[in-house]
Amino acid sequence: MKIAPPVDLAGLAKHILSNECQSIAILSGAGVSVASGIPDFRSPGGMYDTLRPDLITATERERALMRRDPTYVVSWEIFRHNPFPYLEVRRPFILGTQEQTWKATIAHRFAELLHIKTNKLTRVYTQNIDGLDRQCVRIPAEKIVPVHGTMSRVACEGCGHPADYESFCENVRRNTKDIYQQDKQAPKESSHILCEKCRQPLVKPTTVLFGRNLPGEFFQCTEHDLPDLDLLIIAGTSLVVSPANSLVYKIPGDTIRVVVNREPVGFDLGIDYGPSRARDFFARGACEDVFLELIKLLGWKDDLVAYASDLPPSSTALINRNANYGAS
Ligand SMILES: [Zn+2]
């Protein structure tokens, strides 16, 4: 039987809870993490904008290449010869992730509630490297696929040997200098962090460097998940990065697609926002607003409140501000 797409969020909530909907995947992007206050390295004031090659441990030639293209610091081309630029630029992000400076948002908690309440969450495909999905510890780890790798897992880029996350962070704290000059305990000079297996200084978070392949789990999981998917929730992503955006058209032709975003995206991928749309639903707005509303409609608001102390302050404030909130 062909299922009509929801016409509003209440319809979406009803569909999620219906028997027709058994397998749900989420494809998320930077928009779901905005409320956490995490620095977006592409925006003004972000990593690429504020890059100071002169402070980084590198040769003059490497610095010239960074000036020409700031993404060079996160490329395999430089990392394989000189891991310091990556580690020095990423130091606050690595340590901030360990200290949970940034908190999982309402959008992240929606995925966790979806799993706990319905057992219909098949997978979260996140394009974010921030590791915030992993704060939702009640989602089984294998259900979260960080498409572009993650700050929250560590391995040797040379031999693939996994490294202990906590000891790696300690090593970064002790061995990597702070080019942002915020941490008085940081060493003045950087020194190498060696892989315990191959002894090369190539240990790093498993974020995908430019020039390297995506983690194999992306391809394995999509092959497994997509044929049976009933609902794809596309949240906070501009859908411009492939192959992550290929989920949109690799799912079956009658799988319902929901876009949660400030503006419509994915026209070129076939998402239909017109009146004759057969399977697509657009929930316009900031992720936090839309997912808060959806959680209320699903009847999970009390469960969300239980997370209040673990949410970003702006999200907690949003819940408190929400006029209808608390009226059960
Ligand atoms: Zn190694």
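Backbone N, Cα and C define each Cβ position, glycine as well.
All TrEMBL annotations are machine predictions without curation.
Listed in TrEMBL for this protein:
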- 2-301: domain 'Deacetylase sirtuin-type' (DOMAIN)
- H148: active site, proton acceptor (ACT_SITE)
- C156, C159, C195, C198: Zn(2+) binding site (BINDING)
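Structural mapping of features recorded in TrEMBL.
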{"residue": "H148", "record": "active site, proton acceptor", "DSSP (3 states)": "coil"}
{"residue": "C156", "record": "Zn(2+) binding site", "DSSP (3 states)": "strand"}
{"residue": "C195", "record": "Zn(2+) binding site", "DSSP (3 states)": "coil"}
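Checking the recorded positions H148, C156, C159, C195, C198 against ligand 1, the ones with a C-beta less than 6 Å from an atom of that molecule are C156, C159, C195, C198.
Summary of the Zn(2+) site environment: with the site residues C156, C159, C195, C198 set aside, the chain residues having Cβ atoms within 8 Å of the Cβ mean position are E157, G158, G160, H161, E196, K197, R199, Q200, L202, V203.
The Cβ neighbour count for C198 (Zn(2+) binding site), using a 10 Å radius and every protein chain shown, is 14. Least packed by the Cβ count within 10 Å, out of the binding-site residues C159, C195, is C159.
A Cα-Cα distance of 24 Å separates C198 (Zn(2+) binding site) from the residue listed as 'active site, proton acceptor'.
Looking at C195 (Zn(2+) binding site) and H148 (active site, proton acceptor), their Cα atoms lie 22 Å from each other. Comparing C159 (Zn(2+) binding site) with H148 (active site, proton acceptor), their Cα atoms are 18 Å apart once rounded.
Between the alpha carbons (Cα) of C156 (Zn(2+) binding site) and H148 (active site, proton acceptor) lies a span of roughly 16 Å.
Around the Cβ of H148 (active site, proton acceptor), the same chain contributes Q127, N128, I129, T207, V208, L214, A244, each under 8 angstroms and 6 or more positions distant in sequence. Mean model confidence for the domain 'Deacetylase sirtuin-type' (2-301) is a pLDDT of 95. When Cβ atoms from all protein chains are considered, those within 10 Å of C156 (Zn(2+) binding site) total 22, not counting its own.
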